[in-house]
Amino acid sequence: MNRCGSPDSGQWRIPAPRRFRNPRITWAQPAGWSDIWGRNMKNRTRRLYLADYLITPDRRIDTGAVLCENERILAVGGLSAFQMEPELEVFEFMNAYLTPGFIDTHIHGAGGFDASSVDLSPKPIESMSTILAERGVTSFFPTVVAAPREQMLSNLQRLAGEMARELPGADAAGINIEGPFINPFKRGAQEEESIIPIDLGYARELIEAGNGLVKIMTFAPELENAEKLVELLLEYGVKPSMGHSVANEVQTLRAIDAGASYCTHLFNGMPPLHQREMGLSSIALTDDRVTVELIIDGRHIHPRMVDLACRCKTSSKLVGISDCTMAAGMPNGEYRIGPSMIRVKDGYSQTDQGILAGTTTMLDTGWHSLMSGGHLTELQAASAVTSNPANAFQLKDRGLLLPNRRADLAVYESNTNRPLLTVCNGRIVYRAEDRKK
């Protein structure tokens with residue numbers, strides 16, 4: 001058997017695909033798939049991915065297999081349900097597990113690309129797409145920060161154009177706008193000059209500049225016209241997200257009642273919990289209508305605060321994000337995110353004033369903090385970076401290993417959690433074997 005062993009076992013290598021010319025594969029067929037083997041095989045690529053176990057993430061399947069045809073998943077189950085068919089390519093991994101492709105809905109850049117400064121980035125969006133694929137991410141939302149009006153509109157138009165191309169790795173599935181309608185006192189690393197009151201006309205321009213790709217916009221609920229902004233965003237199918245805010249109980253609940261059901265990086269960019277006053281963080285924790293983001297780099301949030309969030313929210317209401325900057329995957333040094341300069345050293349990303357400015361820790365590393373800090377199960381933690389963001393943003397064909405979903409998946413070495421293989425929309429976009437060459 002051409003298996004992929006542990007690096008310490010002397011067997012370490014990524015298997016090349018095997019082609020079988022044996023009798024056709026058989027499968028305990030799910031409803032609706034009774035004709036799965038009767039279709040014309042011409043111009044179809046069928047691949048079977050095998051691992052010690054699958055995280056679907058609704059359940060764990062030991063000695064599992066995922067059968068894909070071109071860009072779609074055909075079947076998922078235990079290996080014992082499968083036999084080999086003609087021309088089936090088999091990728092078999094030992095000491096490894098397989099998950100849906102990760103979905104990062106809040107990431108400013110990676111690999112030298114900055115979503116807030118498309119024209120000034122030292123690397124193109126293809127670099128970001130490639131490095132994310134190397135980390136098991138198959139879908140991402142390039143995230144922009146506040147900038148001067150014309151610059152921000154122009155950048156969104158350019159970003160939307162870049163996203164229209166087929167990328168070599170992870171798929172750019174939407175745009176995240178983090179500002180400019182936020183509280184300047186909780187702006188984080190964003191430039192104060194670009195933070196402005198809510199302007200509904202400008203909000204409309206921002207959405208339209210994104211050419212239908214804007215999926216989420218952060219706003220501060222305490223600002224005048226916040227409820228009107230929520231209504232406008234919902235009209236365009238954009239998720240209103242509360243964040244970078246000092247909103248009190250009344251202001252937060254008004255926004256939620258108007259339709260805001262999401263919180264940008266809970267605990268960060270907002271006042272801390274207070275025993276006598278309710279605010280955005282405490283209401284986001286306790287209101288079942290609200291889904292919360294958590295930056296899961298192990299630095300932005302104390303592990304016990306991660307645990308608190310995981311105890312307060314049902315696991316389906318947690319979305320793990322990286323909040324990475326363009327410095328992710330890059331060496332130590334100084335980098336620009338939008339109009340601001342940041343300094344990166346040993347994984348820390350800060351402004352000259354010492355303010356945390358995003359992260360360099362990607363989801364393949366970060367999701368484990370939900371187990372170590374939040375004490376979530378492996379399935380629950382995986383959901384936070386797969387099915388939960390897919391559900392939150394109506395990415396209905398992603399986030400789960402199920403028949404007829406996109407063939408987005410990743411394989412990890414069990415002992416090190418190192419990505420071994422990433423498949424995006426049926427294409428093998430990363431193999432650790434190729435990286436070594």
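Heads up, the Cβ atoms here are built off N, Cα and C, so glycines get one too.
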Per TrEMBL, Ala189, Asn268, Gly269, Arg276, Leu356, Ala357, Gly358 bind substrate; matching candidate in His300, His302, His375: His300
Of the candidates His244, His368, the one that TrEMBL places in the Zn(2+) site of Glu178, His265: His244
Whole-number Å value for how far Gly269 (substrate binding site) lies from His244 (Zn(2+) binding site) (Cα to Cα): 4
Fewest-neighbour residue among binding-site residues, criterion Cβ within 10 Å, set Gly269, Gly358: Gly269
Fewest Cβ neighbours within 10 Å, where candidates are the recorded positions Glu178, Asp323: Glu178
Site of maximum Cβ density within 10 Å, from binding-site residues His265, Arg276: His265
Candidate nearest Leu356 (substrate binding site) in space, where candidates are the recorded positions Glu178, His265, Asp323 and distance is Cα-Cα: Asp323
Integer Cα-Cα distance in angstrom, Ala189 (substrate binding site) to His265 (Zn(2+) binding site): 14
